[in-house]
Amino acid sequence: MMSKIVLVGLVGSAAAFNAPMMTVRRDAIATGAAAAVVAPILRPAGAAMKKNSKAPCVTIFDERDGCGGPTRAKTGAGEEGLMVKIQMQEIKLGRGAGAEYVSIFTNYDKKLFGVK
């Protein structure tokens, strides 16, 4: 008996949430167009596009090959000569931004002035 009551309740709730078939396609399209016009007006002020283009920039300092750095005692907790710096910087895009990246990437392992 309980299962029949649950079944009738489920069928009744499904019938209550059934979409009405009285709407015409033109009314649905008009409603969608009106919503598209009103949506930018209702957007919160915090959702506006930011004018500055800042991104996290990662700089890796690798001095494991030896340099005249600090002379304190080594702690033994990881790589002593390796440091990572993360900083928010403004990214300026221009015509040569892609070419500059390719130049840095391709020259990474090349010897400069006879020093590797």
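Every residue, even glycine, has its Cβ placed from backbone N, Cα and C.
The (2R,3E)-phycoerythrobilin 1 binding site feature in Swiss-Prot is assigned to SER53; the stated evidence is similarity to another entry. Taking the Cβ of SER53 ((2R,3E)-phycoerythrobilin 1 binding site) as centre and 10 Å as the limit, one finds 10 other Cβ atoms among all the protein chains shown. DSSP assigns SER53 ((2R,3E)-phycoerythrobilin 1 binding site) to coil, not to a helix or a strand.
Taken from Swiss-Prot, the feature (2R,3E)-phycoerythrobilin 2 binding site applies to GLU63, CYS67, LYS85, supported by similarity to another entry. LYS85 ((2R,3E)-phycoerythrobilin 2 binding site) is surrounded by 9 other CB atoms, counting those within 10 A of its CB over all protein chains shown.
What Swiss-Prot lists as (2R,3E)-phycoerythrobilin 3 binding site is ARG64.
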* Separation of alpha carbons, SER53 ((2R,3E)-phycoerythrobilin 1 binding site) and LYS85 ((2R,3E)-phycoerythrobilin 2 binding site) (Å) -> 19
* Quick one: what's DSSP say for LYS85 ((2R,3E)-phycoerythrobilin 2 binding site), helix, strand or coil? -> strand
